[in-house]
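> Feature list, courtesy of TrEMBL:
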type	residues	note
DISULFID	38-48	disulfide bond
DISULFID	138-148	disulfide bond
DISULFID	236-246	disulfide bond
DOMAIN	1-67	domain 'SRCR'
DOMAIN	70-169	domain 'SRCR'
DOMAIN	174-261	domain 'SRCR'
DOMAIN	267-364	domain 'Ig-like'
C-alpha cells in the first residue's frame, strides 16, 4: 500500500508518506473503489488501475497520513533524500549550514523513519526551486519539524552542493521472533498497534532479502516454512529498502521464517591473570614478562554448543576450544615477547542446518619488563 500512499501524498502536495491504516467501509456508510497496484511514480491515483464503484463493499478503506510540511526527495526510498520544506505552498531546499543532527532527528521522526544515519550537503542533488530562508533550532525531541523554533539566516546565500541530503534508518516496524536471535525467526510487522504475522504472496526469498536488509542483519541465508499461523500477504521485488514499501493485501497467507547471515552476536574477549601481572597501559593492556595470563572468549547464550577459535594475528597462530557455558579460556603459562600483538575470538556454531561465525573486537597486548 505504500506505493499508493506515495501517489496520494504527492497528489495532495503533502510531503512524504508516513503511515497508512485501514477501516471498514460500513463505519460511515461510504462506498469506495479498489485501487489496482500503483507503481509509485504516478502524479494522481487516477493513473493507477481502478475497479468500479462499490466493489469494496464489506472490505476495507484506507486512512493515509503524510508528513505535510517536510519531505525527502530523489532518495533510494521513503527514508532518504534531499530535505525540502514547504513554504508558501511551494517546496524549498534546506542549506547544510542551517541544519544539524538535532534537526535531522526531528525530520526522520516527522517522515515516519528511524534515527538519522547520514547527513551531508549535496548527497541527493540540488533542488530546482528556492532555498529555505530560515535556520532550524530543533532540540531533537519534537515530533514535527513545524514544532521547532526558527531564526533568520545569517547568510542568505547557499553555495551549490550544499542542499542538505539526509538518510534515516528504516522504521523499527519489523522483527524476527522465535529463532533465538534478532536475525532469525518468524517475520512480524507492527501494524496499527499490534505485531502481526507476515505471510507471502509470491517469491519468499525476495521478502527475506528485504527483511534482512531492513534489520541490518546481513544477507539472507535461508527461508523456512513458518508455523501454522497465517498472516497478511506481502509481495516484494527484493529491491525495496523496507517491508512497508512492498505490496500488501489483507488476504491471509502462511507465515515464513527467515534466517539472516548475522545470526550470532559479536563475542567478547578479555584478559585476566591470577598473579597480578596485568595492568592498564596508556592505550592497551600491558603484561609483565614471566607471568601467566588467560584470554577468555564468551558470547551470549543464544544457542547451545559451538566452539571458539583464538587467533593471534601477529603470527597467524590459532587455538580452538569447545564452548562450555558459552565461553572458553585460553591459558598462557609465561608471558614473553612472542605474546605481544593482537588477539581475536571467532565463535562458530552450526544452527538451522548452516555454519555461522562471528568475530570479536581485537585485544591488543603489550609485554613489558617493568
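We number each residue from 1, going along the chain as drawn.
Just so you know, glycine gets a Cβ as well, placed from its N, Cα and C.
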> Measure from the Cα of residue 246 (disulfide bond) to the Cα of every one of the disulfide-bonded residues 38, 48, 138, 148, then give the nearest.
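Answer for the nearest of the disulfide-bonded residues: 38.
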> Is it possible to list how many residues within the domain 'Ig-like' (267-364) are helical, extended or coil according to DSSP?
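Output for the domain 'Ig-like' (267-364) reads 3 helix, 56 strand, 39 coil.
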> To the nearest Å, how far is the Cα of residue 138 (disulfide bond) from the Cα of residue 48 (disulfide bond)?
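Just about 38 Å between their Cα atoms.
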> Please report the distance from the Cα of residue 38 (disulfide bond) to the Cα of residue 236 (disulfide bond), rounded to the nearest angstrom.
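Each residue's Cα considered, residue 38 (disulfide bond) and residue 236 (disulfide bond) end up 14 Å apart.
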> Sort out for me which one of 48, 138, 148, 236 has the most neighbouring CB atoms within 10 A, since those are the disulfide-bonded residues we care about.
236
> Where residue 236 (disulfide bond) and residue 48 (disulfide bond) are concerned, what is their Cα separation in Å, rounded?
19
> Hey, of the disulfide-bonded residues listed (38, 246), which one tops the CB count within 10 A?
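That would be 246, with the highest Cβ count within 10 Å.
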